[in-house]
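So that you can see what the record holds, here are the features copied from TrEMBL:
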- D20, E21, D149: divalent metal cation binding site (BINDING)
- 14-258: domain 'RNase H type-2' (DOMAIN)
Amino acid sequence: MGSETPLPKWASTPCIMGIDEAGRGPVLGPMVYGCLYCARSYQKTLATLNFADSKTLKEEKREELFENLKADESIGWSVDVIDPRELSAKMLKKNKVNLNEISHDSAIGLINRVLNMGVLLTEILLEYSDQSKGIMRLMKENGGQVYLDTVGDADKYRIKLSERFPSIKFVVAKKADSLYPVVSGASIVAKVTRDRALREWVLEETSENMHRSFGSGYPGDPETKAWLAHHKHSIFGFPTLVRFSWGTCTSYYKDMVEVLWESDKVDEDVGYGSSGKQLKLSNVGFGKAAKRKIEEIESSGKGR
């Protein structure tokens, strides 16, 4: 998703990129990582576009800014939408992948995606002539720069990224979405994409009396808690909209039916008792795969 092809001319000049996420905390729906990139020469103009941390803006303003940045031919963007089932599966597998690692992997994936498109985020090697010595020299010149809101320890995260991408300069900071316009723009991309995904989420599970009044999706929201209580299934757990690995769901498991069956082969991705029998199905959600319907413009971009 995003403005990924064809590559604009400005992308072959030194560029900056911001990365941010939306939906890290909710028990419902996907987590979305978004990035925004532009030429370094466009940085001053970017600061005048009124981007801000998406959490400080009303939904109508976020939508307006998102449409504006999509229409701006000097800006590129992309997103990574992480399904709630993927989040829970990784966090509950035998070799657990925690939320910070999932976040890091998503950010790294976006960097790789943008680099593979040909956007210049790396240092530049320039050849110049040293006439006094009659030789040619190579000189490094600052190229692109990537700004990120920290996930975990900022210094450790920056070192991890620098080891993976040694030719890119990284700035990792707390509240980066309120400090750097390029990260603020990425925050808007991520938040609007997640909001639209939730609005268009199709509940395909076949249980009776299902509804979409799930509130904000955050664990402390009474409406979200009521929705979870109403939509739990005694055998099959929760709908696929739910991140069933979240602690919020644990209190509902006491009402679940324990399902046991013999198994000679232990699957590393699910929890087993010492006897090799798979225990509860309360961890798996239920029904058909829920479809996320995101606007066509987000899947094709503007063709930039």
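Placement of Cβ uses the backbone N, Cα and C atoms for every residue, glycine included.
Using the Cβ center of D20, E21, D149 for divalent metal cation, the list of other same-chain residues with Cβ within 8 Å runs, in sequence order, I19, A22, Y33, G34, L148, V151, A176, D177, V183, A186, S187, A190. The C-beta environment of D20 (divalent metal cation binding site), restricted to residues of the same chain at least 6 apart in sequence and closer than 8 Å, consists of Y33, G34, S54, L148, D149, A176, D177, V183, S184, A186, S187, V189, A190. Around E21 (divalent metal cation binding site), the same-chain residues six or more apart in sequence whose CB sits under 8 Å from its CB are M31, V32, Y33, G34, S103, S106, D149, V151, A190, listed in sequence order.
The Cβ neighbour count for D149 (divalent metal cation binding site), using a 10 Å radius and every protein chain shown, is 25.
As a whole-number mean, the pLDDT of the domain 'RNase H type-2' (14-258) in this prediction is 86.
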